[in-house]
Amino acid sequence: MPKRNDIKTILVIGSGPIIIGQAAEFDYAGTQACLALKEEGYRVILVNSNPATIMTDKEIADKVYIEPLTHDFIARIIRKEQPDALLPTLGGQTGLNMAIQLHESGVLQDNNVQLLGTELTSIQQAEDREMFRTLMNDLNVPVPESDIVNTVEQAFKFKEQVGYPLIVRPAFTMGGTGGGICHNDEELHEIVSNGLHYSPATQCLLEKSIAGFKEIEYEVMRDKNDNAIVVCNMENIDPVGIHTGDSIVVAPSQTLSDVEYQMLRDVSLKVIRALGIEGGCNVQLALDPHSFDYYIIEVNPRVSRSSALASKATGYPIAKLAAKIAVGLTLDEMLNPITGTSYAAFEPTLDYVISKIPRFPFDKFEKGERELGTQMKATGEVMAIGRTYEESLLKAIRSLEYGVHHLGLPNGESFDLDYIKERISHQDDERLFFIGEAIRRGTTLEEIHNMTQIDYFFLHKFQNIIDIEHQLKEHQGDLEYLKYAKDYGFSDKTIAHRFNMTEEEVYQLRMENDIKPVYKMVDTCAAEFESSTPYYYGTYETENESIVTDKEKILVLGSGPIRIGQGVEFDYATVHAVWAIQKAGYEAIIVNNNPETVSTDFSISDKLYFEPLTEEDVMNIINLEKPKGVVVQFGGQTAINLADKLAKHGVKILGTSLENLNRAEDRKEFEALLRKINVPQPQGKTATSPEEALANAAEIGYPVVVRPSYVLGGRAMEIVDNDKELENYMTQAVKASPEHPVLVDRYLTGKEIEVDAICDGETVIIPGIMEHIERAGVHSGDSIAVYPPQTLTEDELATLEDYTIKLAKGINIIGLINIQFVIAHDGVYVLEVNPRSSRTVPFLSKITDIPMAQLAMRAIIGEKLTDMGYQEGVQPYAEGVFVKAPVFSFNKLKNVDITLGPEMKSTGEVMGKDTTLEKALFKGLTGSGVEVKDHGTVLMTVSDKDKEEVVKLAQRLNEVGYKILATSGTANKLAEYDIPAEVVGKIGGENDLLTRIQNGDVQIVINTMTKGKEVERDGFQIRRTTVENGIPCLTSLDTANALTNVIESMTFTMRQM
């Protein structure tokens, strides 16, 4: 069937900012889909609010709108552009929910817009828990005993019938938002009321828990002629009860008999046929390990996290083909892009094993609740490919960058066995490592199975890994055992530990005896057809399939899994760098391990190595490919941290040299440089012990900022006000030592400014200067950034330009540099310098049309910026005002304090652009999920040091008609200035403020930190209550001020004569 030619223009909705449950996989899917539709000759219009994506580049669609993903804004775009059709299944849950709202409000009908791909009725049938259950009953497909509730009372009625444990699943949400497992009345009350709040339909499904069953997923495709195939089936190692996004997953499934595999395959295809899915779809099933009983858990009628994983696991481009199916093409008429000879209707076959392990943010949020359940908590994931299950698992573990390299924790031997078993019996993110530790201590597999319900097949594999460890210990230095361990994925580091050697010695031993990996191709067909995809994984076998060309090559290191502080922005820069390398005539090679991203799409680079980003794994590739050099400045801290390790092996680091990278990172050298070029920084000292830190602080004067050297995303950074807090920090937060000193700096309050620049060694160009709304002290990734600066004087701008040029040339940057300044009352100071690509590169590139990562890469290859037509200094400003607003995922993370500070907490970002600052801020805030209302009630409770400042704010909010609630201290202050405020009680008292928040009486909360134990706990409870109830809580008065400006611009002020 040929494609449809009754439609010309297609609107694609992206998935918005990265949050837990909706990460980079949608950038990958959206990019693929837009390109696929353009390839078929359609005009594509894209709307997405996330500037950090490849998808929002002008090359990807014919028209790109970076606007908030809300009904009103998308409706405006539809009215303006008049598209013929809308493709909603590539924007995650956000895209689906938007399509449903636009249909229900009549916008699609009024503008004659058709929905492409899966019919709306099918989407609703899959997403609405009631309709789905009815359909399954008609098909005779078993679903767990369940009930739909719209109130907490109904939930308790159902509990009377089936008892605990119960699983709560809110309708029309993703990543299990608001859901959970309940074991008692208290949990049932809390989780159901939460779930009803987060569900757009105020509807929850309660089901009898089948925790302990095997969780199996099928990724399926269907077209309009009813051709349907299974692209990939996957098995969760963790049984049902842990969200699939938080589970360790293996593909293909390992423990199903052929009968079970075919039974579940038939059910999956039966269900998508009954739903009438056109495109990709993910089916989750639960299988009883002791019988052929199964249940269907849920169906996602769209491209998902699992489909990105399935695409990378098989090489079969699901999103690309789903987009083509949506415009009428069928599976039996589209060629599989990997083989180029077989059709897309052939099911892929794997001759390898892949493991996916989620990446959690608990290294950032040590107090966060680690226990895993049906609500997702991981920010990203890694994938690894091997020829044995053990190999793929161990490669995935060392891709995580937790400092773990193996099946066990770095300090594993220090725990006693009872503690280890206690940790295994709870499902949390470290359980896998504790299982390894328990097996090492001789705990039986039966005991572990009883605690975890993990299949014996996997437990035997873990046992095998531990057995090999013991054999290595008994045969130190034995080459046979070295080879054997390599077959099962052991790293040199682990072998070195057991051999009692250094990692370097094991590496040399391998080189001398020619024990090196070969690289196998991922070809979708287990080598059945000829294939020429440049997509490889390493393994210790005999035949190497990666043919080395004689072209000059440049190797680019990717940024690994998405985590807080290192998001999709670095993948964006990686992809642009690759494009620049190819344009310059070199062969571009990528090494990365994140299955969600555009950079690991095999069609982007000349060669893709899907491997861990460790010294050993990267060196193996370099030894084979012998590139001209390696580029480290686009892969975040992951890549920068590998620079000196690779250089020791004689590898050429392209761009800013290793010694210059160190000059920017090493405190002493950096201070010397600043003195030489005459750029001031806040007074600071280094401390290697708590005593030294106290002496430093006494000299500098409080408040001081303390942090370890060499970190990204402000890990373990704090602002402290006195000796007691400093002592606390030095003893609990960090282990200071001569190798790892702690930096103690004077804390300057003032405007924070961020600048990105590109330098080729002679010329420095500055695409833009951004001003932060929050004053210094809030991490730059969590601040609202504004371009162009709104409140700086000509002198300040000139000084910033001058200092940036001096710094770039002084460090001798080749490529990108990111600098943060603070403007205090007595001038401009430099806060920090990052000699690499930064979080703001995509944002600035989009605004200014200066392809920063590409220019930086061209400079690294040796081209000159002046030859490209750029002049030194700040580039001409783009028209309009642009803001970058942070987006947080606190509703998924319990026990995490949402107060903004020097440690980064946001998972993503949105952009707002318009003609005035207020309009741009309105879009930025709306896009980030803060609903801006022109009237309502604000609750103020601020620390003593902020009481003066809050008066002005209260006055303005009062004038635009906001009602003010305040705690007694704040209310008394307001009364002095005749500002009316209703006094609310402290926690636990009469008219308690938490109850007011829970009852929905409050639209905005303004709360600033007070230090001191009891008060801190109160503040923490207030802030968490706002999160659980979905109310914006501003912990910085600067953000509150900006919000007030926006409210004033939307409304009229009422003042008496």
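Cβ atoms here come from the backbone N, Cα and C positions, even for glycine.
Per Swiss-Prot, ATP 1 is bound by Arg129, Arg169, Gly175, Gly176, Lys208, Ile210, Glu215, Gly241, Ile242, His243, Glu298; the candidate from Gln114, Gln154, Gln284 named for the same site is Gln284. Take the ATP 2 site that Swiss-Prot assigns to Arg707, Arg746, Leu748, Glu752, Gly777, Val778, His779, Ser780, Gln820: the candidate from Glu692, Glu794, Glu832 listed for it is Glu832. The average pLDDT the prediction assigns to the region 'Allosteric domain' (930-1057) is 89. Cβ environment of Glu298 (Mn(2+) 1 binding site): Ala126, Phe132, Arg169, Gln284 lie under 8 Å away, each six or more residues apart in the same chain. The DSSP secondary structure for Arg129 (ATP 1 binding site) is helix.
Note on proximity: among Gly175, Lys208, Leu748, the binding-site residues of the record, the Cα nearest Asn300 (Mg(2+) 2 binding site) is that of Gly175. Spatially, by CA atoms, the binding-site residues Arg707, Leu748, His779, Asn834 include one closest to Arg129 (ATP 1 binding site), and that is His779. Nearest Cα neighbour of Gly777 (ATP 2 binding site) among the listed binding-site residues (Gly175, Lys208, Glu215, Glu832): Glu832.
For the pair Lys208 (ATP 1 binding site) and Leu748 (ATP 2 binding site), the C-alpha distance works out to 56 angstrom. Taking each Cβ in turn and tallying the other Cβ atoms within 10 Å, the top scorer among the binding-site residues Glu215, Glu832 is Glu215. Here the C-alpha separation of Arg707 (ATP 2 binding site) and Glu832 (Mg(2+) 3 binding site) works out to 12 Å.
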